[in-house]
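Contents: one structure, followed by commentary.
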Amino acid sequence: MASKRWCFTLNYKTAVERESFISLFSRDELNYFVCGDETAPTTNQKHLQGYVSLKKMIRLGGLKKKFGYRAHWEIAKGDDFQNRDYCTKETLISEIGAPVKKGSNQRKIMDLYLQDPEEMQLKDPDTALRCNAKRLRIEYCSSFAVISLRPWQSELHRVLMAEPDDRTIIWVYGSDGGEGKSTFAKELIKYGWFYTAGGKTQDILYMYAQDPERNIAFDVPRCSSEMMNYQAMEMLKNRVFASTKYRPVDLCVRKKVHLIVFANVSPDPTKISEDRIVIINC
């Protein structure tokens, strides 16, 4: 039986094996793709749990020929959002495109933009701006590189493996520059993290409120070190805040998240409680 929508499971041993499989999925051939990383509780076997919505119908034999014979494939049930929730219940690994509810015209708008960006720019510049931003983000998040972790990055990775709480702020400190802080912070975007360089509190809260269950990375430039926004950090970490810019909304979020600050300066103990901070030195 042929279908456009499939879910898959792939057991793997190495990160290279995992990324090689993910790289087979082409943005030009699909509407939406998402996969997460899971570990079987009884065997500790690592595996990818994924979902793909293709632009064209394909049979099981065609999938195996295109993506190899190791993955297990089944026709997907539920919509894009339900499959995304299922695939990312542990860790989001890769996402291409955006989930769309049944009957929505969101994907049609993006398709129109991709067919003729210049025409949409003339007719509806605001929509064209958002579509282009989405396109660039998709391209950025679908690129992968094998990174050799520095000691501090390995330490940070171990800390992130623990469940987040509603208090701890992880502070990555390196005064020299060139230690890989921004490189690590930008890589987190590909795993669904909210990335910000700081700024005014309401600007940060407004951007975060668009999807308020994301982990958070503050990548603070050296020139902004004297204007560190501790208020926004604590409000986001506390999971209760009001975003009053443009579309006012009060948010009370149950899901706890990690919050990392990448900075060239150490935290100021007069502006934030020291017991909240876990420092990782570069």
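Glycine too: its Cβ is placed from the backbone N, Cα and C atoms.
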Swiss-Prot annotation (motif 'RCR-1') - matching range among 7-10, 171-174, 279-282: 7-10
Sparsest-packed among the binding-site residues, when each Cβ's other Cβ atoms within 10 Å are tallied, from Ser94, Ser182: Ser182
Binding-site residues compared (Gly174, Gly178, Gly180) - the one with the fewest other Cβ atoms within 10 Å: Gly178
Other CB atoms, at most 10 A from the CB of His47 (divalent metal cation binding site): 19
